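Listed features, source Swiss-Prot:
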DOMAIN    22-254  domain 'AB hydrolase-1'
ACT_SITE  Ser95  active site
ACT_SITE  Asp225  active site
ACT_SITE  His254  active site
Amino acid sequence: MPFVTASDGTEIFYKDWGSGRPIMFHHGWPLSSDDWDSQLLFLVQRGYRVIAHDRRGHGRSAQVGHGHDMDHYAADAAAVVAHLGLRDVVHVGHSTGGGEVARYVARHGAGRVAKAVLIGAVPPLMVQTESNPEGLPVEVFDGFREAVVTNRSQFYLDLASGPFYGFNRPGADISQGVIQNWWRQGMTGSAQAHYEGIKAFSETDFTDDLRAIDVPTLIMHGDDDQIVPIANSAETAVTLVKNARLKVYPGLSHGMCTVNADTVNADLLSFIES
């Protein structure tokens, strides 16, 4: 399997398919690059080069006991980009991966980034603070941490079968395969990485990163996202990025890249080609 060694020696797994213009994908917590299957296949079949890595401690990347913070996540992405010699890249991030994209573009992307896409992304800041009163109370994330410690396997089943894909909504078209694949990805990763990653995605303030992004940016968000509520994420982020456009998807969930892949893929392709 292909790996790149990050600056601190951590082995980062990546996929690299196709030979056209590069599109790089950044997955969400606590998943892996496999979460992008629908997008990778869709774009590689249309002549694009697609790259997706597993975040440290996630998927097939090394389960190291350190560096589970957004600065390391962005630096690891930069190591993949440098290793492959990528330029003119469109970076696509979902959820926590959207935060990774924001920090990567702001700190490492000069001269290499063509466009950015943030899907159901956590920026600018998830947790409630004095300066972010509309954020989610820290007790929400304390509950996540407790669930990871107590019974991570059951917690991941509950997330996937409930709010992540909107399977808890009346009339939802529930897919056991989607649920099991989410659980499989989560349980492949490191419990420590996932535990510490909760702080990374919930308490990192991306305001300055968003302001530093100077490439065309598409922000995509479902208005029934129960994991990253749209009001304090996408609707704020679009006001901070200089050249951003927000597309809202009525009734769609946090997991729309999987359960509404046709819709997401069509809009993603349109933005890439614009």
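Yeah, the Cβs are placed from backbone N, Cα and C, and that goes for glycine too.
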Specify the count of other C-beta atoms within 10 Å of the C-beta of His254 (active site). 25
Going by DSSP, is Asp225 (active site) part of a helix, a strand, or coil? coil
